[in-house]
Amino acid sequence: MASSFPSMFVVILSLLLVFFSGSSRAQLSTTYYSKTCPNVLTKVKSAVQSAISKEKRAGAALLRLHFHDCFVNGCDGSVLLDDTTSFTGEKNANPNKNSARGFNVVDDIKTEVEKACPGVVSCADILAIAARDSVTILGGRSWNVKLGRRDATTASQSAANNGIPQPTSSLSTLISDFSNVGLSTKDMIALSGAHTIGQARCTSFRARIYNETNIDSSFATTRKNNCPSGSSGDDNLAPLDVQTPTTFDNNYFKNLVDKKGLLHSDQVLFDGGSTDSQVRTYSNNPSTFSADFAAAMIKMGDISPLTGSNGEIRKNCRKAN
C-alpha cells in the first residue's frame, strides 16, 4: 500500500497542474469585474439608456454590432477598429459599410467606463453588455452577461465579408453560417428574432419586394413606396418589424407567418421548410422566444474570446494601444 503512495501523489499533482493550467485561460464570468470595476454595469446601462432616449434606433445598432463582432474571429471588439496602414478593418466590409452604426455610442460608453476604471474593461465586453441593455430597455428579457473578454489588436475585412450572414442567404446557408461559429439551427432562429427591432436599407430588400412571391402583396406594395425598383433610394429605410419596430417582442415571428418578412433571409425561416415549426412556436409563445433568445445570446457571447494574456484592454475602442 505504501509503495503506491508516490505514484498516487504524482497522479494528484498531474491533475492539479491540468486544473490550474486550464483555469489560467480565464474563462468568462458574470462577476469578472466585481472587484476591479464594480460599477461597470451601471455605467454602461446609463449610457445606453441615454443613447436610446435620443434615438430608438441606437438599441438595434448596438445589438447588431455585438452580432457582427462575434461572427468575425470571435467576440473580440475587432468590429470597432478603424482601418490602419497595416490592416483594412471590418467597418467597410460589405455587411457593415453604410449600415453599421453605434460607434459613437460605444465611444461615449468607453469614456464613462474609463473615468471609473481606467484600463480595466474591454471594448468587447462593453459591446456584450450594451447589447443586453439595448434588448431590456426596449422591452425584452434580461440575462446575465459573461465577461472577461479582451480586445483584438487587428481586424479583417475579408473575414467580415465571408463570416457575417447576408440578407440574401438561403436557409441552408444560414444554418451553415451559424454552425461554423458553433451555433445551432435553434440558436439561429432565436437570434434572427433580433430583427424585431431596427431598420434595413432598400438595397437589402429590393429584390424580395419586387421579385419574390412568398410575400404579402399589400406589405410589398407599401415597401415599394419607399424603395424604387431602379438604382435610386438604396439607403431608404424600412422597419424590420412592421408592427412594433422599436419594441423587443415576438412580432417578428408573427410577421413571418403572415409572409411579411422584410429580408429574404427572414422569410426563408418560414417558407415550408424545416424551421417553420419553431417560428410558429415563437409566434405563439413570447416567453419561449425570450428564454431561447437569452440563452442563444449567452452562447454567441462565448465565441472564441481572447482571454488571459491574449489581446489587450484598449484605451480607445477605435484603435489598438
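Sequential numbering from 1, following the chain as shown.
In case you wondered, yes, glycine gets a Cβ from its N, Cα and C as well.
Summarising the annotation, TrEMBL assigns active site, proton acceptor to H68. In the shown protein chains, 23 other C-beta atoms lie within 10 A of the C-beta of H68 (active site, proton acceptor).
According to TrEMBL, the substrate binding site annotation covers P165. Non-local neighbourhood of P165 (substrate binding site): F71, T173, L174, D177, F178, S265, each in the same chain, at least six residues away, with C-beta under 8 Å from its C-beta.
Within the same chain, residues at least 6 positions away in sequence whose Cβ sits under 8 Å from that of C37 (disulfide bond) are V113, A116, C117, V120, V121. The disulfide bond annotation in TrEMBL covers C37-C117 (among others).
Counting only same-chain residues six or more apart in sequence, the Cβ atoms lying under 8 angstroms from the Cβ of C70 (disulfide bond) belong to V181, M300, G301, I303. Under the heading disulfide bond, TrEMBL lists C70-C75 (among others).
Close to C317 (disulfide bond) in the fold, though at least 6 residues off in sequence, lie G77, L80, F103, V106, D107, K110, C123, I126, D151, each with a CB less than 8 Å from its CB. Look at TrEMBL and you will find C123-C317 (among others) tagged as disulfide bond.
What TrEMBL lists as disulfide bond is C202-C227 (among others). Long-range Cβ proximity for C227 (disulfide bond), meaning a same-chain Cβ under 8 A and a gap of 6 or more residues, is found for C202, F205, R206, I209, G233, N236, A238.
Sequence annotations record features per position, and here TrEMBL assigns domain 'Plant heme peroxidase family profile' to 27-321.
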### Query
Across all protein chains in the structure, which of the disulfide-bonded residues C75, C117, C202 has the highest Cβ count within 10 Å?
C75
### Query
When a 10 Å sphere is centred on the Cβ of C123 (disulfide bond), how many other Cβ atoms does it contain?
30
### Task
Restricting to the domain 'Plant heme peroxidase family profile' (27-321), report the mean pLDDT as a whole number.
97
